[in-house]
């Protein structure tokens, strides 16, 4: 049965994730389709969801206003896989601070019991690339692109740490929920998107 994978298109790196998912599905020869989604009705029809990088405050506020945040919570809590990238990972958190301004009052989905710091590696001009390994999910020597990237300082015991960089947690997993500080859609390496496609297909079966 075909799986529908959505990319939350309220704001952020939508087109890049579309390209990465389409290429991943083709390489894997999986029966899946990619959809750009905004409304609660569109999201409710998905089997998996990518929350892209962008401005986490904007995505959170607009998803709250249009009602999509409620549907996302319901779907994820019922088992739908979700991949939160950079700002998307911020939204997955229960608590977020900013390296410069401190405590934020932004709307969060509150899926993961983690302490997260936005812009943990610096602002736009401090963007960089670094090698990360996520050996527990079969991904090693991955070139991570970090742009105003968040990092996690602590997690609850039920969260698997997939990768660290300079002792900061930059990738996590809890069941059907995955978060990365870095932008997998900005590299030619499809490993993260392929892993997510397979997770969606396995969950749907």
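For all residues, glycine too, the Cβ spot is worked out from N, Cα and C.
Record features (Swiss-Prot):
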- 86: active site, nucleophile (ACT_SITE)
- 183: active site, charge relay system (ACT_SITE)
- 185: active site, charge relay system (ACT_SITE)
- 54, 55, 56, 118, 147, 148: L-glutamine binding site (BINDING)
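Residue 118 (L-glutamine binding site) has its Cα within 10 Å of the Cα of these active-site residues: 86, taken from 86, 183, 185.
Listed active-site residues near residue 147 (L-glutamine binding site): 86, 183 (candidates 86, 183, 185; Cα-Cα distance within 10 Å). Non-local contacts of residue 185 (active site, charge relay system) by the CB criterion (under 8 A, 6+ apart in sequence, same chain) comprise 13, 16, 17, 19, 20, 52, 53, 85, 193. Fewest other C-beta atoms within 10 angstroms, among the recorded positions 86, 147, are seen around 147.
Between the candidate binding-site residues, 118, 148, the densest Cβ environment within 10 Å is the one around 118.
The Cβ of residue 183 (active site, charge relay system) has 24 neighbouring Cβ atoms from other residues within 10 Å, across all protein chains displayed. The secondary structure of residue 183 (active site, charge relay system), as reduced to three states from DSSP, is coil rather than helix or strand.
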